Every structure is written in C-alpha cells, then in structure tokens.
Amino acid sequence: MTNLRKTHPLMKIVNHSFIDLPAPSNISAWWNFGSLLGVCLMIQILTGLFLAMHYTSDTLTAFSSVAHICRDVNYGWLIRNLHANGASMFFMCLFLHVGRGIYYGSYLYKETWNIGVILLLTLMATAFVGYVLPWGQMSFWGATVITNLLSAIPYIGTTLAEWIWGSFAVDKATLTQFFAFHFILPFIITALVIVHLLFLHETGSNNPSGINPDSDKIPFHPYYTIKDALGLMFLLLTLLTLALFSPDSLGDPDNFSPANPLNTSPHIKPEWYFLFAYAILQSIPSQLGGVLALLASILIPLIIPFLHTANQRSMMFRPISQTLLWILTANLITLTWIGGQPVEQPFIIIGQLASILYFMLILVLMPLAGLFENYMLKPKW
C-alpha cells in the first residue's frame, strides 16, 4: 500500500516541505528562527481574532473596549497580553533571523531574501497600525507623528497624509482604516510566507560553512522537527513569562491614558522594535532628510546582496567581517536606546554618530572587509 502522505495532492506538498525535505546535516540553532516566526504568526492571528471579536474601532469606545476585554472577557487579559508581547517576540525572532542571514550569507539567495525584506516591511506596517488601535495617548500621538512624516514628501505629501487619515487629522476614520489594515495584513503576510518558503525550497537551505551541502543531506523529520521543538519551548517559555509576570514592561505608561488631542505626551516614541529607525529619523534636522534616512535604514537590506565582495559566502571564517557585524549589532542596540531618549544633548550627537556608523558599516566597511579578506587568502609566495 502506498503511503498517503506521498500520494495525496495536499499531503504531498506538506510532506515535501516539512517531512521528507532534504536539509543540510550541519545547520545550527540559528536556523530555528524561521519556524519560530511561523509559530509567532499563528499565535498573533489566533489571539488577534479573539481580540477583534470584542474590540470596537471607534474613537469614543476603542479605549474602553480594550479595558472591557481585560476586565470582563474570559481570559481576555491573557489574550491581550499574549498578543502585545507576541509582537515583541515576533520582532526579536525576526531581527535574529535577518542577522543570521547576513552572518551566513543567506542573502545570496536573492529571491528568498527580497521576499523576506518585503515581509519585514509588511510586518512593520502591521505592527504600526496595531499599536494605534488601543487609542491611548501614545497610540494617538505616535500615529500623528509618523503619519505626519508623509507631509514631508514634495507636492503630494499633504494630500497623501490626508488620504491616510481619511480626514484632516488623525480621527475616527483613521482608526477604522487602521483596524481594517491590521486585520487584513496578517493574511497577506501568510501568503508572502508561502512564497518565501517556495523560493527557499527551490534552492534548499544555506548552512554555516556556506559551501554546497548537496553531498550530505538528512530528512527534515525527525531531526529538525525535534531541534525546532526545543526552540519552540524556549519561545513559549519567554512569551508566557512576559505575558504572565511582566506584561506591560515593553509598553509605554502613557498608553494607560485615553487619547487626548489637546494634551501632547512629553516624549513621543514608538514601540521598542522601531526605535532604531526612529533614532535615525530624529538625528537629521531636516524633515524630508529624516524621512529619506528612515526609509533608507529599513530598505538597506535590499542592496546587501549586491555589496557582497568576499570569495567566501559565510562569515564563519572571516574574522574582520565578523567583528564589523558585531559592531553593527552594538550600533543598532545604541540606536534603539537613543530612540527612547528625549531629543537633547548628548543624545542628539550620539544618535547622529550612530546613524552615520550604521550606513558606513553596511555600505562601505563590510564590502571593503570582504575585499581585504580575499587579498589575505591569496598565497603570497
């Protein structure tokens, strides 16, 4: 009798993607994050669905509907905490996933990489519109500041901003639109994830050494299903610890106050996962220049494949490039810290220096390091 998973049209797709998939025998725990991101997406869609059943996207009732979810709905507090902290876990896994891609040269699978960057942008858009929904002080002022950036675009800026607002300022129409976007975007993300996997399975996974692994492959199940299960346990443990013991530690206290257009928050800032880009935006005095720098900082992964100069794919045996990548990591942490600080000295100058270093590292220093490492590898006799 033929095995059903190998003959059934639907089961066959699942089988080729998750069971009999040939995977390199040497991929490390850094390759866990793809499956963890899939789990995060499922958690967000499920918790979001239950929250949407009780949420009302109206400026008069949005804030109280979130309070109602936490007070009156069975386990509503848990669903909300899982959803809010699930977003933080999602971005943490995403940054590690992208970092692994840069370290091991996975960006040379250009189609997979480009879809990944589009996924990153879509996810950032989803998180931004989602942050506006509770209609607290920081939600309102965050939406006002970020959407106002569109007005810096010459000629069409003001029209574009008013189109996004659905009014002449952030108001009821904005909230309704953002709720609609926040509901539909995760399903678009799911479709993009399928395309991401489709392109990945065309080439097969990269591996730490960066060399062709075709001569030594093992089936994904049971080896990597077990390995991924360990990462999954760590993810769920961290998420539940956050959601149950310290659910508001990553949020902003201002969001416990209902939105008030007449009272501006002293320091408007987005969620922690956007702070690095926000710091780059703030470091440039010109509004248009800041918007362009913000866009460049997020879109820069698109050109990383074209800046690869090294003969070796992975950074595993390239100590200079490794050092530069860790400096970039420290730089991003510095930018995240600066993004959460008030716009005053010494934070302004630190932010400006960190912003310059961010672009210098990616555009100049890392490609030069690759060329230097090529030279060092050449026999000198």
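In case you wondered, yes, glycine gets a Cβ from its N, Cα and C as well.
Straight from Swiss-Prot, the features:
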BINDING   H83, H182  heme b b562 binding site
BINDING   H97, H196  heme b b566 binding site
BINDING   H201  ubiquinone binding site
TRANSMEM  33-53  transmembrane segment
TRANSMEM  77-98  transmembrane segment
TRANSMEM  113-133  transmembrane segment
TRANSMEM  178-198  transmembrane segment
TRANSMEM  226-246  transmembrane segment
TRANSMEM  288-308  transmembrane segment
TRANSMEM  320-340  transmembrane segment
TRANSMEM  347-367  transmembrane segment
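Here the features listed in Swiss-Prot are placed on the structure.
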residue: H83; record: heme b b562 binding site; contacts (Cβ under 8 Å, 6+ apart): Q44, T47, G48, L51
residue: H97; record: heme b b566 binding site; contacts (Cβ under 8 Å, 6+ apart): F33, G34, L37
residue: H182; record: heme b b562 binding site; contacts (Cβ under 8 Å, 6+ apart): G48, T126, V129, G130, L133
residue: H196; record: heme b b566 binding site; contacts (Cβ under 8 Å, 6+ apart): T112, I115, G116, L119
residue: H201; record: ubiquinone binding site; contacts (Cβ under 8 Å, 6+ apart): H16, S17, L21
Other parts of the chain folded back onto the transmembrane segment (113-133), taken as Cβ under 8 Å at six or more residues beyond its ends: 55, 57, 62, 66, 87, 90-91, 94, 98, 101, 106-107, 139-140, 142-143, 146, 174-175, 178-179, 181-182, 185-186, 188-189, 192-193, 195-196, 199, 270-271, 273-274, 298-299, 301-302, 304-305
Within-chain partners of the transmembrane segment (226-246) [C-beta distance under 8 Å, separation at least 6 from its ends]: 29, 32-33, 35-36, 39-40, 43, 78, 81-82, 85-86, 88-89, 93
The transmembrane segment (77-98) versus listed stretches 33-53, 288-308, 320-340: most Cβ pairs under 8 Å: 33-53
Contact call for the transmembrane segment (347-367) against the transmembrane segment (288-308), three or more Cβ pairs under 8 Å: yes
